[in-house]
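Novice: Look at Swiss-Prot and you will find 161-443 tagged as domain 'Deacetylase sirtuin-type'. Taken from Swiss-Prot, the feature active site, proton acceptor applies to H294. The Zn(2+) binding site annotation in Swiss-Prot covers C302, C305, C331, C336 and rests on sequence analysis.
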Amino acid sequence: MSKQTQCVHIENCNINYESIDIQLYDNENITIPNCYKCSSQDNILICLECGIVVCMEDCKLHSNHSIFKIFHGDDKTLWCNDCNELIKESTMIEKCTKNSDLINKKLKDIENLFKVMKLFIYYDQRNLKYNKNFDSIDNSIKDIIKNSNIIKNEIKIENEIEIENNKIKEFIKLIKNDKCKNIIVLTGAGISVASGIPDFRSVETGLYNNENVSKFKLPFKEAVFDIDYFKFNPEPFYQLSKDLYPSGKFKCTPVHYFIKLLSDKGLLLRNYAQNADTLERIAGIPLDKLIEAHGSFAVSRCTNCGLEYSQEYIKDSIFNNDPLKSVVPRCKVVQCNNAVIKPDIVFFGESLPPIFNQNILDDINRCDCLIVIGTSLKVQPIASMVHFFPHFKNIPRLLINNQIVGENSFGGFNFNNNKNFDFKMIGDCQESVLNLSKLLNWDTELLNLINSKNHN
């Protein structure tokens, strides 16, 4: 192709002088890109008006713009689409060329960026620690990483996890060295969520969510478990209790079986359960080791005469499919005039069952370890049990929960003091218990227990 010195079309072109840098396109370290039309890398041009990358063949289709630069070509040579010829234009070339120091710095920054990305590939995020490939990275890039807030946060998390792992190992030693022979396990709704039973207080899935409040026109969200409101209108409770009632569809979780394993090993003093779903019973935790502090669906009674009714009788009412039939179970005794039957669960406004008060003081005196699992520690008096074992008694306390709870300066958890005996495993409580059993070398026993129960 011939090269003409002048082109009449240049004066009418809208060259993007601010963004286009011809020196960058001529840099031998830059890989030739593909044509956006045909993906070819032959005779590649860059439009100096819009920046689009196109081959010589397809640039004819790019008829709106005229002037193009050839990749890795003579930096004085341009291609005019309208003239269909190569042209020489020094003035425009100079305007489209940036300071070499600036472009070299940009290229260096890009190079560093890719090295940082390379380091992230080498960075073992799963184990939260640098692996041996870190040594192969340039020292200059290591400095970039060390000054990065992101990596600083990762390293901080790594250090915190390492500290927690070391503390948990201390807790493991206490159990393995027979320092914990009378363990109290305090459990809440969180241990049954994996069974499909909603956590009362969960905003999205809990029974206290706004949808249920609106649906049943409740005066306040906790009214469904308020004893005075139940006496006034038991319908909302029984409608919502379909999600809670033991109907055979809910299975025990690893946490339930872990507590059973503690009992089998003779280490469980008591399980204080805040759940009424009876899964502790189903898991096989002995009744003499179990305090259902908030009652249980296992037994129901007439609110008038106290006659006891079976779970089957209650289920027939709750799960009936007749839209004309109430879900509220009623007493069959004629003299009771269809009095409401209430399960033996503790409503707001009711006292805890006698078995709680009969055992709590003696259990506190005998307890040598407290494990708290899956609870918000918001409901009294159960929430105060943590305070019964203050730091100065050196009784180990382990919190297994999806978030830190129960921290305060009045006998609550204090995880920031490495000298005390407070431990935590924050995350999914089922996974945490499986990890705990593995650290104790109980994982095989726990899995065997889970499998044997599930096959029965």
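Any Cβ shown, glycine's included, is placed from N, Cα and C.
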Novice: Which chain neighbours of the Zn(2+) site, leaving out C302, C305, C331, C336, have a Cβ atom within 8 Å of the mean position of the site's Cβ atoms?
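Specialist: Here the non-site neighbours turn out to be T303, N304, G306, L307, K332, V333, Q335, A339, I341.
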Novice: Once the DSSP letters are reduced so that anything not helix or strand counts as coil, what is H294 (active site, proton acceptor)?
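Specialist: Reduced to three states, the DSSP call for H294 (active site, proton acceptor) is coil.
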Novice: Between C302 (Zn(2+) binding site) and H294 (active site, proton acceptor), what is the CA-CA distance rounded to a whole number of Å?
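Specialist: Per the Cα atoms, C302 (Zn(2+) binding site) and H294 (active site, proton acceptor) stand 18 Å apart.
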Novice: Taking the Cβ of C331 (Zn(2+) binding site) as centre, how many other Cβ atoms lie within 10 Å?
Specialist: 20
Novice: In the structure shown, which of the recorded positions H294, C302, C305, C336 has the fewest other Cβ atoms within 10 Å?
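Specialist: Sparsest of the recorded positions H294, C302, C305, C336 by Cβ contacts within 10 Å: C305.
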Novice: Kindly assign C302 (Zn(2+) binding site) to one of the three DSSP-derived states: helix, strand or coil.
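Specialist: Looking at the DSSP assignment, C302 (Zn(2+) binding site) belongs to a strand.
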Novice: Going by DSSP, is C336 (Zn(2+) binding site) part of a helix, a strand, or coil?
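Specialist: DSSP assigns C336 (Zn(2+) binding site) to helix.
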Novice: Average the per-residue pLDDT over the domain 'Deacetylase sirtuin-type' (161-443) and send me the rounded value.
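Specialist: It averages 84.
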